[in-house]
C-alpha cells in the first residue's frame with residue numbers, strides 16, 4: 001500500500017570568433033518587483049546560473065506567466081540585474097513575444113508553468129520553430145521527488161505520467177531537457193541554450209520547482225563566458241560548389257538573384273548584397289525575406305511572389321535562364337498555390353549549409369555566408385536582367401485623391417503609412433490582407449520588417465509587437481493588424497503600456513477574417529464587431545501613456561497620424577481604421593483564388 005498518498009517527502013541530502021552577444025543596454029520595464037532568492041547574493045545556484053546564461057547570450061527580457069511550479073525560478077530571474085521579467089496576460093502571448101524578441105535580438109526566452117502553461121505556449125513555440133527562431137522555452141516542472149512515484153499532480157491531465165508536456169514539445173523544438181537533479185543541471189542548461197543558438201530553433205527546458213535555489217559546485221559564481229565555435233565549410237566542398245556555380249551562371253544570358261527567409265538563419269544578408277554588387281544581377285526578395293536585404297539598392301526589383309509579385313518582378317525572374325535562390329522556403333503560400341513558373345534545371349538553391357545546382361550536383365557542408373562571399377569574387381558581371389527590367393518598368397500609379405469625407409480606402413491608408421516610414425521604424429504585418437499591403441511598402445534603409453508567413457497564426461502580431469518593441473527599443477514599430485486577429489490576442493496591449501512602449505497600431509476594422517473570405521467564404525468568417533478604441537481605453541485605465549483614434553475618412557487619418565508622430569510620439573498610439581468589408585488588395589484576390597484552387601484539388605485516382 002502506498003503510504004505517501006497526499007504527503008510530501010523532504011528533499012534528499014545531497015561576439016567575435018563565435019562569441020555570443022552581450023546583454024543590451026536598452027531601457028525597459030521592471031515588470032515585477034524584486035524578491036531576492038535565498039542564494040541570489042551568495043552561493044551560485046541553479047536559478048542564478050540560468051539567469052546569468054540568458055544575459056550572456058543577449059537576453060535582457062524574459063516573457064513570463066507565473067504558476068506555482070515556476071515561482072521560485074522567477075524569483076531568481078527577477079534577482080538578476082541584467083534581466084527584466086515581463087509579465088504577460090497569457091502564455092500564448094508570452095511565446096509570441098519571445099518570437100518577436102528573437103527577431104529583434106537574435107534570441108528570445110519565455111517562462112511558464114508545468115503542462116497547463118506549457119501546452120498554452122505550445123502554439124507560439126511551433127510558430128517560432130517554423131520561422132527558424134531561437135527561443136528558449138523554460139517550464140517550471142514538478143518537484144524532483146515526484147517523478148516515478150505514481151502520484152497524480154494538479155495542472156496535468158490526471159495520470160501519473162509526467163511526460164505529456166515533454167512529448168508535445170518534442171515535435172516543435174530542436175532539443176529538450178528535463179532537469180530533475182543538480183549533478184547534470186549545468187550541462188543540460190548549457191547544452192539547451194547552445195543548441196537553440198546553433199540550430200536557430202526553439203528548445204524546451206523544464207526545471208523542477210525545488211531546484212532553482214540550490215547551490216552546486218558546478219555553478220561558478222560568475223559563469224565562464226558563453227562561446228559557440230563557428231560552423232565552417234568543408235574547404236574542398238566550398239571550392240567545388242563555387243566552381244560549379246560560376247560555370248553555371250557565367251553561361252547564362254540573364255541571371256537573377258532571389259533572397260529567401262533563411263538568409264536570417266545563415267546571417268548571410270551582407271554577403272548576398274556583396275554578390276549583388278559584384279555580379280550586377282537584378283535581385284528580388286521572397287515575401288518572407290522582406291527587410292532582410294536593402295530595398296534602396298539600385299538593382300532591387302521588388303518582391304517575387306509568383307502571380308502576386310511586385311509589378312514587373314515576376315516577369316524578370318521567371319524569364320531568366322538562371323536564378324539563384326538564397327535560403328528559400330517553397331510552400332503553397334509562397335508559391336501562390338504551387339503556381340510558380342520556375343524550372344528546376346535553371347535554379348541554384350542555396351540553403352544555410354547546402355547548395356544544389358540545377359538537377360545536380362549537390363554540395364553539403366557548404367555554409368551560405370562563405371559560399372556567397374566566395375562567389376562574389378569569381379562571378380562575371382552581367383547586368384542584362386536589370387537592364388531588361390528598366391526597359392519594361394512603368395512607374396506605379398497613385399491612389400486617387402479621395403473626395404472630402406469619402407469613406408477611407410485601404411490603399412489610401414497604406415499610402416500614408418508609406419509616407420510615415422523612416423530608418424527608425426520597423427513594420428509588423430499581421431496574417432491577412434496586411435501581408436499583401438505591407439509587401440508593397442518601400443522600406444527605407446534601416447527600416448525593419450517582420451511577419452509570420454510560414455506558420456501564419458492569426459493573432460501573432462500582438463504578442464510579437466510586444467516582444468519586438470521590447471527588444472528593439474531604438475525603433476518605433478508600426479503594426480498593421482486586422483480586427484479578427486486582434487480579437488485573438490488583444491490582452492497584451494496591457495503589457496505594452498506597462499513597458500511604456502510607443503508603438504503605433506493600425507487596427508483595420510473590416511468586420512471579419514478577410515483573408516479567409518478570399519480563400520473560401522462562409523458565415524464563420526464574420527465576427528462580432530467591437531468598439532476597439534473603447535477597449536484599448538479600458539485597458540489603459542489611466543495608467544501609462546496611451547492615445548486612441550477612430551478614423552473613417554482620409555482627413556481623419558491624416559490628423560491622427562500627425563498627432564501620433566507629433567504630440568503623442570512618446571505614447572502607445574492605437575488608430576482604428578474603419579474599412580469596407582470588401583476593400584481588399586488585388587493581390588489578395590488573386591492569391592486567394594489560387595490557394596483555394598490548390599486546397600480544393602480532387603483526390604488523385606486510386
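The backbone N, Cα and C atoms fix where each Cβ goes, glycine too.
Residues or ranges marked as domain 'Thiamine pyrophosphate enzyme N-terminal TPP-binding' by TrEMBL: 46-150.
Here TrEMBL flags 242-358 as domain 'Thiamine pyrophosphate enzyme central'. Helix first, then strand, then coil: DSSP counts for the domain 'Thiamine pyrophosphate enzyme central' (242-358) stand at 39 helix, 25 strand, 53 coil.
According to TrEMBL, the domain 'Thiamine pyrophosphate enzyme TPP-binding' annotation covers 453-577. Look at the domain 'Thiamine pyrophosphate enzyme TPP-binding' (453-577): DSSP puts its residues at 58 helix, 28 strand, 39 coil.
The feature Mg(2+) binding site is assigned by TrEMBL to 483, 510, 512.
Excluding 483, 510, 512 themselves, the residues of that chain whose CB lies within 8 A of the CB mean position for the Mg(2+) site are, in sequence, 482, 484, 508, 509, 511, 513, 514, 527, 579, 581. For the domain 'Thiamine pyrophosphate enzyme N-terminal TPP-binding' (46-150), the number of residues in each DSSP class (helix H, G, I; strand E, B; coil) is 51 helix, 21 strand, 33 coil. Note: residue 483 (Mg(2+) binding site) has non-local neighbours 507, 508, 509, 510, 511, 512, 527, 529, 530, 532, i.e. same-chain residues 6+ apart with C-beta under 8 A of its own C-beta.
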